[in-house]
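J.: The structure follows.
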Amino acid sequence: MIVLGVESSCDETGLALYDTQRGLLGHALHSQVAMHEEYGGVVPELASRDHIRRALPLLEQVLAQAGAGRHDIDAIAYTQGPGLAGALLVGASIACGLGLALDRPVLGVHHLEGHLLSPLLAGDPPEFPFVALLISGGHTQLMRVDGVGSYTLLGETVDDAAGEAFDKSAKLLGLGYPGGPALSRMAEFGDSGAYRLPRPMLHSKDLNFSFSGLKTAVLTLVKNHPANICEQDKANIARAFVDAIVEVLVAKSVAALKQTGLRRLVIAGGVGANAQLRASLNDIAQRRRFRVYYPELQFCTDNGAMIALAGAMRLQRDPSCATREYGFNVRPRWPLDELKAV
Ligand code: ATP
Ligand code: MG
Ligand code: FE
């Protein structure tokens, strides 16, 4: 069965073809980062319009990569939520339009389920059950994952998401938007001992996070510097920020493994691309004898492949997940633990 995946929840248009027998056949992505950069954040109306412009050319690209035609598609999975309403509607319309034209069923996929399952696109994928640390631009959650759609929330951020903390701190350091990757690169040149930032909720005895104080601490450090803060000082602040956030993320993940008694940890979402986080997790995993699984770097941030995969996994378990009723019911807000196991 070949599933087309369509992702358009925010500022990336992603299309992909996943074959339940052969795996990923092709994927294509357009990021709108350059377009939104001058506004310092995503402009929803511009995002929707750009998804409209990009989606069908990307579909042609993916079909060409796969050596397939439109009629080879057996079902279409699209991101139904959460995300920007207008952006989601574009993906839903394209999926439903294609479904109607080709007489193929469609199914709406939860964006975060896509992120959670994205490490299963890699070789040597994890088996269920596992603990998942979902660290994206809009979410920071620890979940117990017992199967597709079987998610138990163990803890989450009480304020900013991890990616949001990276981006806001990067902005304070003048690194543009979204500055998470630039801040991470800069931190590599920083001196780890130059500054020490707080480790919020490290000892809170639960699996929740809080990152807004960390951003405020970065602001205070920046304000304490003269107007022309030098590059080395910026790097030192970036390093202090990454050291703090990585320590908290690692400690809470280890605590979640201990609480659940599980020995497999899956990392998902854009912050999962962070090299310092990966190094720190690999190190402790070796010492504590658990395994960590990551998505490929290209599938950490938003993409169509994870949506095609999540759709395919659902359809394999329950073909009635898909429908030929082509409605436009997107869900901009949609808690992950409302999903039903399949
Ligand atoms: P959500 O999935 O919660 O709706 P999103 O789709 O915007 O949010 P992702 O695409 O998973 O989130 O990830 C984007 C985030 O990842 C941004 O905040 C970005 O700064 C961050 N990010 C990307 N690469 C890195 C990196 N190497 N280090 C730290 N953060 C990173
Ligand atoms: Mg994005
Ligand atoms: Fe995302």
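Glycine is treated like the rest: Cβ placed from N, Cα and C.
What TrEMBL records for this protein is below:
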- 24-308: domain 'Gcp-like' (DOMAIN)
- HIS111, HIS115, ASP302: Fe cation binding site (BINDING)
- LEU134, ILE135, SER136, GLY137, GLY138, ASP167, GLY180, ASN274: substrate binding site (BINDING)
J.: Would you kindly give the Cα-Cα distance separating ASP302 (Fe cation binding site) and GLY180 (substrate binding site), rounded to the nearest Å?
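T.: If we compare the Cα positions of GLY180 (substrate binding site) and ASP302 (Fe cation binding site), the gap is 14 Å.
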J.: Within 10 Å of the Cβ of ASP302 (Fe cation binding site), how many other Cβ atoms are there?
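T.: Taking all protein chains shown, ASP302 (Fe cation binding site) has 27 Cβ neighbours within 10 Å.
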J.: If you count Cβ atoms within 10 Å of each one, which of the binding-site residues HIS111, HIS115 comes out on top?
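T.: Selected residue: HIS115.
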J.: Just checking: which of the binding-site residues GLY138, ASP167, ASP302 have a C-beta under 6 Å from ligand 3?
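T.: Once distances to ligand 3 are taken from each Cβ, ASP302 fall under 6 Å.
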J.: Suppose you look only at the domain 'Gcp-like' (24-308); what would the mean pLDDT be?
T.: 97
J.: Let me check the 10 A CB neighbour count of LEU134 (substrate binding site). How many other CB atoms are there?
T.: 26
J.: Taking just the CA atoms, what is the gap between HIS111 (Fe cation binding site) and ASP167 (substrate binding site) in Å?
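T.: That separation, Cα to Cα, works out to 20 Å.
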J.: When DSSP states are folded down to helix, strand and coil, where does ILE135 (substrate binding site) land?
T.: strand
J.: Count the Cβ atoms, other than its own, that fall within 10 Å of the Cβ of GLY137 (substrate binding site), considering every protein chain shown.
T.: 21
